[in-house]
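Below: one structure, written as structure tokens.
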């Protein structure tokens, strides 16, 4: 029965391994799911009732089933089903299926090899490789397969305390292969382990037995063609792909799953409810006493920063249990108002910029609330946008009057670029190139290392703001009088134009967000928030509640069901799923991955003298070409 459990995990059929031969000896010569072998385990007479009748039916079929002629596709389906039945312990059912279809689960040589690996019969397993050499996906992989076998043998010898035997394997079987010398040196260091527990911990190995051997067999199987031996858990893999594909096509899917089939039925196609999107106002923040120009969640999703015309920045804590916002502190002194905010990648610092006539940039240490630096290079400067380098130790800042600086945390200007009228900024993920929207309706790439620049994309109208997704490949632009445009920065093509919102010459900040950043949101001059799926031009939802222009929206990178919006009505709104989905959404969001946490993006802006709304820039001005 121990061998049955082992075989079930890997789908090895010793019936195929024998192929009628009795020369192999040991457990490999007995069918692991022959009818007599499992008689009485499931459906035997001692169970009585329906199972007893079923057992009698199987007994009548034994040896009398005539194989049917089936197509190649049907043969593959039968093999996949047979593998799954075997993996869940339904050996009798798998045996009858194979007999009636005339199929074999695996090639006899491959099944025999699998059985010897699971039995730990390393000499026979290596001999089996000779038979399989000609059917390997790549014959050169034979050395790799031998290496993996001997590695397992070596570790098992060490765990059993057979040090001299392990040393012999290392010297005379592993080393002569001349393969993966670095790993051989690492294996030799395991000789110093005094206990099996220490060995398993240092080697990150499961120990002698069917678990580690099963893992080994899965690694070995990738070298064998599927026609010889099915890949492990093939049915599970196919169903996972199908479910993932349906989730990708679902326009509302916004819930993190811990396993492929969580909250999914295989009996029908997957389709989420629209209620999973942030459609309802969960909280309204009225603490600012003037227009709120900007809002931004921290990259770790634990805080929200809001900037206002009232000259303050407010920091809010996100409660992970009920996803509500609680005021933490207020950062004061921004005499021009706060029109743009940028968090450092580690969420420790916050940079604040003002509108077009503001020559200052403030960098705050968030935990202490202390001002780290105040950048004011010249009184005629206009520092309206900034972006952090991925290392968090530098940032770029610029404005529409021709300033473009690379600075450190102390405010020292490390490099500058003359004559570039910056509307918006973002670092590329490579940490070498800064993307800057300018007054000529372009986004250009600037390399501060070698002081080179190049065109990335060209719009026909002013770019009011843009943000880049977590991969650095897609950019979302708010374009004056045009709306929201999605660009592929790598292929340098316009991918999609989103419909619905009202976008004039006000600076409105849109964002990527939701699970896997599959959604897009933007404020609008008609006081609404629009939500789209990234692959659909028409909005999925229109959120109402603000009474004046919505200047900025931002999706929480940690809790994909939370969206914040800032408006000229002086309020910040926190949006979440409908009441029916709230409890399940809160539970699922706590499992959000760090990849989503890295999806804060880098939104950039263009502001006027007393409001984040500006007129078109003079395209005739020099841009330092």
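A Cβ is built for glycine as well, from the same backbone N, Cα and C atoms used for every other residue.
TrEMBL annotations: computationally assigned, not manually curated.
Here's what TrEMBL has on this protein:
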type     : residues : note
COMPBIAS : 584-619  : compositional bias 'Low complexity'
DOMAIN   : 106-165  : domain 'CTLH'
REGION   : 1-28     : region 'Disordered'
REGION   : 583-625  : region 'Disordered'
REPEAT   : 285-316  : repeat 'WD'
REPEAT   : 331-362  : repeat 'WD'
REPEAT   : 543-575  : repeat 'WD'
Item to check | Local confidence of the prediction over the repeat 'WD' (331-362), expressed as mean pLDDT | outcome: 93
Checklist entry - Residues of the same chain, at least six outside the repeat 'WD' (285-316), with any C-beta under 8 angstroms of its C-beta? => result 325-343, 345-347, 350, 352, 364, 366, 509, 548, 551-559, 562, 564-574, 592, 597-598, 600, 603, 605, 607, 610-612
Checklist entry - What are the DSSP helix/strand/coil residue counts across the repeat 'WD' (543-575)? => result 0 helix, 16 strand, 17 coil
